[in-house]
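Below is one structure; the comments refer to it alone.
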């Protein structure tokens, strides 16, 4: 059944279905303008870099945390123990930003340095621990329907299958598995990683994804604020198309003009 309501994650409602990352921008100004143009409400921050990002500035001080909901992530963690420790630190940083009730964490456990693929076993282990500690866990995973269902069953707030490897810009490479995850999930499905252009963001939403998380496609564009706006439009268009319902594909043509009662 199609959900026409707002995006609901961990008991909190969001109007925007586009989450945006804060890494890789050439300047703080580019980042701030991009966040604004994207109309996002949720922004991810790497806990290990929040006090010294690529621009050398403190994100806690540069971002208006009354406007954006912080999604701390455990980027850089290679096992479950590290991820749990960084998640706890991230929750404290959210409190320092004024978000006392924020228990969100984007769970990333990535020992693979070349392709940055997430470790399914360590992700599951960390998720179980963090859920018991009261976190709303948003796990970054491969497009694995069985793992996605298992994470849902233990209480994760969303599942976040990758479209393709982080920062690769290859788009959605495993449409079949992503479709199975979307069809089977009873929690929001957020496509994370690999989206490079607005059409790919739209494609994810047309499939029925509940949202997308994008960083590199915006931050590394020639004009990040403009790309943020374009991707925002793509997400909205894809969502509307999904709700509207596309025509069925068929192997033959059907005339769009009536064939009967034609006056000459």
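Each residue, glycine too, has its Cβ placed from N, Cα and C.
For the 1-deoxy-D-xylulose 5-phosphate site, Swiss-Prot records 193, 194, 215, 216, and the single candidate of 134, 155, 167, 245 listed with them is 167. Here the binding-site residues are 167, 194; the one with the fewest Cβ atoms within 10 Å of its Cβ is 167. Cα spacing between residue 215 (1-deoxy-D-xylulose 5-phosphate binding site) and residue 106 (active site, schiff-base intermediate with DXP): 14 Å, rounded to the nearest whole number.
On the backbone, the CA of residue 193 (1-deoxy-D-xylulose 5-phosphate binding site) and the CA of residue 106 (active site, schiff-base intermediate with DXP) stand 13 Å apart. Between the CA atoms of residue 194 (1-deoxy-D-xylulose 5-phosphate binding site) and residue 106 (active site, schiff-base intermediate with DXP) there is a gap of 17 Å.
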